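Undergrad: Dropping a structure here in structure tokens format, bear with me for questions.
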Amino acid sequence: MMKKVQRFGGAMMAPVLLFAFTGIVVGLSSVFTNTEVMGKIAEEGTVWYNFWYVISEGGWTVFRQMPILFAIGLPISLATKTNARACMETFALYTTFNYFVAAILKVFYGIDAAKQVADKVTGYSAIGGVPTLDTNLFGGILIAALVVYLHNKYFDKKLPDFLGVFQGSVFVYIVGFVVMIPCAFLTVLIWPKFQMGISALQGFMKASGIFGVWIYTFLERILIPTGLHHFVYTPFVFGPAAVPDGIQVYWVQHIKEFAQSTQSLKSLFPQGGFALHGNSKIFGAPGIALAMYATAKSDKKKAVAALLIPIIFTAVISGITEPLEFTFLFIAPVLFAVHACLAATMAATMYAFGVVGNMGGGLLDFFFLNWIPMFKNHSGTVIAQIVIGLIFTAIYFVVFRFLILKMDLKTPGREDEDEEMKLYSKADYRAKHGEGDAKGGVSSAEDEYAQKGAIILEALGGKENIEELNNCATRLRVSVKDASKLLPDAAFKAAGAHGVVRKGTAIQVIIGLSVPQVRERIEEMMKKG
């Protein structure tokens with residue numbers, strides 16, 4: 001069961017990654033159309049304003065179609081066969097579901113969803129152009145999960161020859177069409193009550209203050225090894241747990257209003273404390289890396305620096321910290337618990353000093369969605385955040401250095417044997433086993449992803465040992481038939497992996513942002529045999 005939950009959480013990362021770019025586009029557009037920043041050139045009707053208005057509208061695509069993107073994104077990772085067709089089926093059935101909901105509202109309740117949307121009545125929205133109940137991303141995710149189940153079960157269903165035209169995607173849609181009718185009726189009956197519960201939750205989270213921010217941030221970090229952290233931040237950042245439509249959309253919608261106001265950001269947007277978890281990526285990660293470097297053996301410092309610098313760059317710029325965190329998680333889990341506590345304390349401290357915003361990503365998000373737009377009227381808050389962050393960088397360094405030395409933790413560069421540092425070089429592994437001898441049959445002439453995939457495929461026990469293969473943002477998630485056939489972690493690290501999570505036959509290989517390409521190469525090798 002846990003394996004399925006982890007897969008589901010990881011699948012949500014496919015659409016989430018799109019927000020990194022579009023958020024910057026909308027943030028920049030907001031800055032460049034702000035007359036307080038740009039002057040008269042940014043007044044409505046000017047060529048400059050019109051240009052950035054067009055760019056902004058394109059950037060808004062992902063935010064306005066978020067439920068559809070989440071619905072289409074899930075089958076990419078969850079469908080066990082013909083993922084592209086599963087995405088098409090999901091889009092068709094999710095749209096059908098929304099039409100059913102709108103029709104039921106009109107026929108049985110006398111409610112014109114189109115009029116409700118036009119009048120901006122809370123609880124209604126146009127999803128993909130269909131006026132319906134606003135089920136937010138939850139509706140898209142639940143329907144997508146149901147369609148994926150139907151797809152995996154019925155796509156290969158063999159029909160009599162005279163009904164052959166209805167096989168495959170058509171049959172899945174036929175079954176789904178029937179299933180969507182009771183789903184729509186249940187939604188109309190249950191969802192309004194659920195919306196009332198969400199409204200109550202929003203009020204509770206708003207009143208929870210500093211303690212709520214601490215708990216939220218702590219859980220978001222501490223659950224990373226399990227993959228369940230997606231279920232912590234998604235309802236807040238992309239769902240309605242804190243504000244309607246989620247913090248991500250709400251912040252972007254009001255960014256110009258907040259930037260032009262002279263009131264404190266915390267009074268304008270108190271719920272913004274639930275999106276401060278990115279600060280540990282910007283300020284905490286460098287402190288951790290410096291502590292590892294400072295405590296490494298003198299003859300290994302150069303190798304440790306070569307290992308950590310690209311990882312820190314990734315963490316700070318893009319907000320992807322798993323490659324760093326998994327360099328010490330399994331050899332020193334106590335450090336990860338301390339990391340979660342410090343991250344939560346940093347976020348709570350910043351919130352106490354009035355820092356709020358949309359800060360779940362990396363430095364690019366901080367600059368373009370927060371610091372640059374807000375600096376003119378909220379410079380004090382921005383400076384306070386940076387000062388507090390740098391103080392915590394020092395705290396991270398001191399605490400991690402103390403614990404590493406006090407407990408003699410074998411972090412990178414402190415291993416008892418020289419051999420261990422070589423685990424991060426796939427070249428050594430290939431030299432030992434021979435170029436292209438991995439079971440995937442990949443030669444040295446092929447690309448780096450293929451080489452990495454070949455080594456990982458061999459470490460997983462070969463294609464015969466793989467039952468399911470998918471990925472999230474940074475991890476390759478694999479279900480194997482026989483865990484005893486897996487090679488030691490050294491084999492995975494030889495391919496450049498940052499760590500391996502083993503839970504019975506459920507395996508997670510932490511690769512980094514190149515994981516989609518690596519997965520694709522492995523799948524190609526498995527098909528070729």
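Cβ coordinates are placed from backbone N, Cα and C, and glycine is handled just like the others.
Quick paste of what Swiss-Prot says about this protein:
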ACT_SITE  Cys472  active site, phosphocysteine intermediate
DOMAIN    1-416  domain 'PTS EIIC type-1'
DOMAIN    450-529  domain 'PTS EIIB type-1'
TRANSMEM  8-28  transmembrane segment
TRANSMEM  59-79  transmembrane segment
TRANSMEM  91-111  transmembrane segment
TRANSMEM  130-150  transmembrane segment
TRANSMEM  170-190  transmembrane segment
TRANSMEM  198-218  transmembrane segment
TRANSMEM  222-242  transmembrane segment
TRANSMEM  272-292  transmembrane segment
TRANSMEM  304-324  transmembrane segment
TRANSMEM  328-348  transmembrane segment
TRANSMEM  352-372  transmembrane segment
TRANSMEM  380-400  transmembrane segment
Undergrad: Is the transmembrane segment (222-242) in contact with the transmembrane segment (328-348), using at least 3 Cβ pairs under 8 Å (sequence separation of 6 or more) as the test?
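TA: The transmembrane segment (222-242) and the transmembrane segment (328-348): touching, yes.
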Undergrad: Which residues of the same chain, at least 6 past either end of the transmembrane segment (352-372), have a Cβ under 8 Å from a Cβ in it?
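TA: For the transmembrane segment (352-372), the list is 20, 23-24, 26-28, 31, 210, 233, 237, 247-248, 251-252, 255, 264-266, 269-273, 275-279, 281-282, 315-320, 381-382, 384-385, 388.
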Undergrad: Looking at 8-28, 59-79, 91-111, 130-150, which one has the highest count of Cβ pairs under 8 angstroms to the transmembrane segment (222-242)?
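TA: When the Cβ pairs under 8 Å are tallied, 8-28 comes out ahead.
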Undergrad: How about long-range neighbours of the transmembrane segment (304-324): same chain, 6 or more residues beyond its ends, C-beta under 8 Å?
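TA: Non-local partners: 20, 224, 278, 280-282, 285-286, 288-289, 292-293, 296, 360-365, 412-413, 421, 424, 473-475, 498, 510, 512-513.
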Undergrad: Return the count of C-beta atoms lying within 10 angstroms of the C-beta of Cys472 (active site, phosphocysteine intermediate), excluding that atom itself.
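TA: Excluding its own Cβ, Cys472 (active site, phosphocysteine intermediate) sees 24 Cβ atoms within 10 Å.
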Undergrad: For the domain 'PTS EIIB type-1' (450-529), jot down how many residues DSSP puts in helix, in strand and in coil.
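TA: For the domain 'PTS EIIB type-1' (450-529), the helix, strand and coil counts are 35 helix, 22 strand, 23 coil.
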Undergrad: Between the transmembrane segment (130-150) and the stretches 8-28, 59-79, 380-400, work out which stretch tops the count of Cβ pairs under 8 Å.
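TA: The stretch I would name here is 59-79.
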Undergrad: Thinking of Cβ pairs under 8 Å, which stretch from 8-28, 91-111, 170-190, 380-400 has the most of them with the transmembrane segment (59-79)?
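TA: Between the candidates 8-28, 91-111, 170-190, 380-400, the best contact partner of the transmembrane segment (59-79) is 8-28.
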Undergrad: Can you work out which residues elsewhere in the same chain, 6+ from the ends of the transmembrane segment (170-190), have a Cβ less than 8 Å from its Cβ atoms?
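TA: Apart from its flanks, the transmembrane segment (170-190) reaches 89, 92-93, 96-97, 100-101, 104-105, 108-109, 133, 135, 139, 143, 146-147, 150-151, 154-155, 157, 159.
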Undergrad: Counting only residues 6+ away from its ends, which parts of the chain sit with a Cβ under 8 Å from the transmembrane segment (91-111)?
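TA: Contacts with the transmembrane segment (91-111): 67-68, 71-72, 127-128, 130-133, 139-140, 143-144, 147, 173, 176-177, 180-181, 183-185, 187-188.
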